[in-house]
Structure formats: structure tokens, C-alpha cells
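Structure record follows, encoded as C-alpha cells.
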Amino acid sequence: MKNMSQRSMDVEKKAANADSCSVSTSSINVDDADVALRFLKQNGLDESSTANEDDVVAGEEANFYGSHELSPKVLRKVDLFILPFLCCTYLLMFLDKALLNYAASMGIKDHLKGNEFSNLGTIFSAAYIFMEPVVTYLIQKFPISKILGTFITVWGIVLACHAACKTYASLMVVRTLLGLFESSSAVGCIAISGMYYTKSEQSARIGFWATQAGTGYIVGGLISFGFLHYHGTAFTSWQIMFLVVGLVTVAFGVLTFLYLPDNVTNAWFLNKEEKIQVVEHIRANQTGLETKKFKKQQVKELFLHDKFTWPMLLLTACSQISTGAIGTFSVTITGTFGFDKYETALLQLPIGAITAMIILITTQMLSRWGHITLITTSMYIPAIIGCIVLISLPLSHKIGNLFSLYLLYSGSCVITNIYIWNSCNTSGYTKRVFRNAITMIVYNVSCIIAPQMFRAYSAPRYIPAKIALLVTQCVCVPLQLYIGYICKKENEKRDKEQEGQERKKYQFLDLTDIENRNFRYIY
């Protein structure tokens, strides 16, 4: 209680400095504040020189849609120069990781025995988990574009090195290295999305780049189908596939290093007036842009004082068991239905279309209407139905089993909504990037556990694994509703606290969502 009281006193000190009615930003320690505040100060602006945006659009509507309208021309410029980097990063991350799945039908399993193929998926996720806290700290301390560009380039080199692998041990080495360097991708994309867009816009834009998971299925299916027709002697078809995609990834990594801006304030494609417009536009998020000062108290708050942390991590773990399962074994499972290797490769294409469609529809609904709790809850229902049918139907029912497998991707796509929840419902830059990090850690724990459920003894039906998928998807429904309920109650509590009071300007002080009582959660 004493620690909480001290934290409250610290917050009040910061809040007093942020009162736009009496104090300008010159009285604020800008080293502790967000980079946006330093940018405004350098350009002769402060909190008191801007309009009272909260008077234009108030409450949760301003918190979600933004209260300072951004010129469509400027928004299009941001989309034109930022979204392609995010989309390509996520596409290559997903594709490069999933190539192992496609290589399963191209002969990579011919010299593997027992659970060695499962272990290749597991070691990738284990390395990802190990590296995630490190890369999160690097993103906090150094320019995000340089970190992303470097990591993408190196993972492209590692991917190309798969072509030289001829033994299980060498494959384990490159899969470990790939996991280490791909750990930068998702957390980096989420952080960048929060710098340029309001919460409503983030829902749509995160949807756009997360849709590339579906595109990855389509591209991967086409690539693997094409390379299946390669019959060289020096290299196998899967080795050539890894080499080509790896070189493409290297080229994109170099472009990212050179041309991706670190944040709004040094975006080379915006002039000074446009940068100010974007900064004012995202003010209502109450999350700011970024700060390079690591704040350990925000990490402590995340783990010890934030009531959303552990329910969200449990939700991530349960919902993404399906992702780990079908991400590594969809080709293998499809093959058990009686399709040959060419048909199996082509049947991955509808998976991409289904994934892209689910993500695009649900995120556009979130962007327009909100209601993330109800929309996300509805996504578990098709997955539950798919699990039940897969358990019940014999393998001879090809079409029924295939359609049921496709239904599982509805639950898998929930990870996009979790990205959105993290980005929109977390304030304090250190806290936000570490929330994204632990989400990705738990995501990869699920990806470690899931392939191990598909044991060789249970082939070809894998009934124990399918039952585990059913149970975890069912658990997600009440858990998702509970998280939405506590978000709603917290907003109501803060509304009651502030009845009849004038709201102070906290937006760019890098306060957390708990410290900043103006902050409202989307649910």
C-alpha cells in the first residue's frame, strides 16, 4: 500500500506539470517525456498552445477515433510510406517461418525420424522466446528502423543458409538462428503502428499488415508448388526454395534499414507542418509516440499491478495453441486425408484466402464500430465446430475434414485482435513494448507446445492433439468475455472519478494507462 501511495504521488507530480491551463511544457522534464513532447517544444509549441481537442470529441469516442482530424492527404502519405514496410515485414516473417511447413511435402522429412520434424518447429519458437526480451530492449533504446532492418537482413541470410543443410543437426542450428532474428518482427510492427495512427486507425492498419499471414499461405503454397517441379541433382527443391526466399528477405532488410523512419518526428516523407498534424492526431490515444529512456517501474507495473496482464496472457496461450498446431502440421494433416503432395500444396492456397478474409473483415469491423470483445468471441465458434468435426469424422471423408481444418483458422486469427488490444489499451512506451514482448513469448510457448501434441504414435488421426485444440478454444470464450467486462468496469470507474472535473493534459508525459486516469480502454 505504501508503494502504491508513493506511485500515486509521483503521478500527481507529473500531472500537475501537465495542466495545460497553468503550466507550459517548459516546466516538464522532457527527458522523461515522450519524443512527441520534445518535438513540439523544439517547434515552439506546447500543451497550452494547442486546441482543447477533448472539447471537440469527448470520452471514449475521442479515445477511439481521435479528436483532431487528420488531412486525408497526410493520412494517405503515411499509409503509402509506412504500410508497405509493415506488410512486407509481416509477410516475410510469416512466409520464412512457414517454409518448413511447405518443405514437409517437398522431401525435407525424408531423412528425419520420429519427432525430429516437430523439434524443428519447437526450437524456432524456443529461440524466439529467448531473444524477445533482448530485442524489445534494443527497440526501446535504439532507432527502431535500424534494429528491424538489421534483424530482417540477418534472418534472410540464415534462411538462405537452409539450402546448405543436409543433416538434422544443421537444420536445428539454422532454425535456432532464424527464431532469434525473427523475434523483432511482430513487436516492431505493433510499435510502429501505434506511432502514426489513432486507435480506430490502428485496428484497420494492423488488420492490413496482419492479413499478410494469409498472403503468406498463398505465396508459400504457390512457391512450394512451383519448386516441386524442380528436379536438380545438386540441390533438392526445398533447398532452392529456401535460398530464393532468403535472398529476397535480405534485399528487403536493406531497404528497411535505409528508408523506414524511426518515428513521426523524423519521417522523411512529411514536412514540419504535416508532422505536427500527425502528432496532434494521435494525441487522443493517450499513448504518445516513443521514448528511449527505459523505465523499469513500467515493467514492474505490467507484471505486478496491471489486472489485464495475466488474463490476456492466458487468452493468448489458449487461443494460439491452434496456430502452433496448424502452422507446423497443416500440410501433414491435409496429407492424412488422402491427398497427394501436389494436391496438398495447392490446398494450402484456400487457407491463405480464408485467413486474409477473416482478418480483414474483423479488423475493419473493429475500426468502424469497436466492440472488440464481441467480435473476438465470435471468432472462436467456427474453430470449436471445426475441432468437433475433425475428432468425429473418419479420415475417408476428405472434404468434410478439409473444411473443418479450414475452420480452425478462425481461432488462430485472434492473434491480430490481441495485437490491436495491446496497442490500443497500453500506455507508457516501456510498458507497451514489453507487453508486446511477453505476448509474443507466450505466443511462441504455445507454438512449442502445440507441435509436441502431434506425437508419432497417434498418427494419422492425432486424436489427442485435436481434443487439446477443442478444449483450449472453448476456454477462450469465457476468458475473452471476462477481459471485456473488466475493461468496461474500469472505464466506468474512471468516468465516475472525473465527474465534474476538468481533464488535465497527460498525453505526452509517457504515463502508463494506470497512471493516466484520462486513459480509456477499448472493449
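Yeah, the Cβs are placed from backbone N, Cα and C, and that goes for glycine too.
On a predicted model such as this, the values are computed, not experimentally measured, just so you know.
According to Swiss-Prot, the feature topological domain 'Cytoplasmic' maps to 1-79 (among others). Over the topological domain 'Cytoplasmic' (1-79) the predicted model carries a mean pLDDT of 54.
The transmembrane segment annotation in Swiss-Prot covers 80-100 (among others) and is backed by sequence analysis. Here the transmembrane segment (80-100) has Cβ contacts under 8 Å with residues 108, 120-121, 124, 148, 152, 155-156, 159, 162, 175, 178, 182, 185-186, 188-189, 192-193, 196, 205, 208-213, 215-217, 219-220, 224, 238, 241-242, 245-246, 248-249, 252, 256, 259-261, 267, 269, 327-328 of the same chain, all six or more residues outside its ends.
What Swiss-Prot records for 101-118 (among others) is topological domain 'Extracellular', and it gives sequence analysis as the kind of evidence.
Taken from Swiss-Prot, the feature transmembrane segment covers 119-139 (among others).
What Swiss-Prot lists as transmembrane segment is 142-162 (among others).
Long-range neighbours of the topological domain 'Extracellular' (163-176) within the same chain, counting only residues 6 or more positions beyond its ends whose Cβ lies under 8 Å from a Cβ of the stretch, are 100, 108, 111-112, 116, 119-121, 123-124, 126-127, 235, 239-240, 242-243, 246. According to Swiss-Prot, the feature topological domain 'Extracellular' maps to 163-176 (among others), an assignment based on sequence analysis.
Residues annotated as transmembrane segment in Swiss-Prot: 177-197 (among others). Note on the transmembrane segment (177-197): residues 78, 82, 85-86, 89-90, 92-93, 96-97, 123-128, 130-132, 134-136, 138-139, 144, 147-148, 151-152, 154-155, 158-159, 205-206, 209, 263-264, 278, 282, 285, 287, 289-290, 419, 422-423, 432-433, 436-437, 440, 444 of its chain, located 6 or more positions outside it, place their CB under 8 angstroms from a CB of the stretch.
DSSP states for the topological domain 'Cytoplasmic' (198-207), grouped as helix (H, G, I), strand (E, B) and coil, give 9 helix, 0 strand, 1 coil. If you look up Swiss-Prot, you'll see 198-207 (among others) marked as topological domain 'Cytoplasmic'.
Look at Swiss-Prot and you will find 208-228 (among others) tagged as transmembrane segment. Beyond the ends of the transmembrane segment (208-228), by six or more residues, the same chain brings 83, 86-91, 94-95, 98-99, 101-103, 105-106, 189, 193, 237-238, 240-241, 244-245, 341-342, 345-349, 351-360, 363, 413, 415-416, 419 to within a C-beta distance below 8 angstroms of the stretch.
Using DSSP to sort the residues of the topological domain 'Extracellular' (229-239) gives these counts of helix, strand and coil: 3 helix, 0 strand, 8 coil. According to Swiss-Prot, the topological domain 'Extracellular' annotation covers 229-239 (among others).
What Swiss-Prot records for 240-260 (among others) is transmembrane segment.
Feature annotation from Swiss-Prot assigns topological domain 'Cytoplasmic' to 261-312 (among others); the stated evidence is sequence analysis.
Residues or ranges marked as transmembrane segment in Swiss-Prot: 313-333 (among others).
According to Swiss-Prot, the feature topological domain 'Extracellular' maps to 334-345 (among others).
Feature annotation from Swiss-Prot assigns transmembrane segment to 346-366 (among others); the stated evidence is sequence analysis.
Cβ atoms under 8 Å from those of the topological domain 'Cytoplasmic' (367-371) belong to residues 64, 200-201, 203-204, 207, 522-523 of the same chain, restricted to positions at least 6 beyond its ends. As annotated by Swiss-Prot, topological domain 'Cytoplasmic' applies to 367-371 (among others).
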**Study point:** Segment proximity, the transmembrane segment (240-260) to the transmembrane segment (401-421), 3 or more C-beta pairs under 8 Å
**Key:** no
Practice item. Taking the transmembrane segment (433-452) as the first stretch and the transmembrane segment (346-366) as the second, find out whether 3 or more Cβ pairs fall under 8 Å, excluding pairs closer than 6 in sequence. Key: no
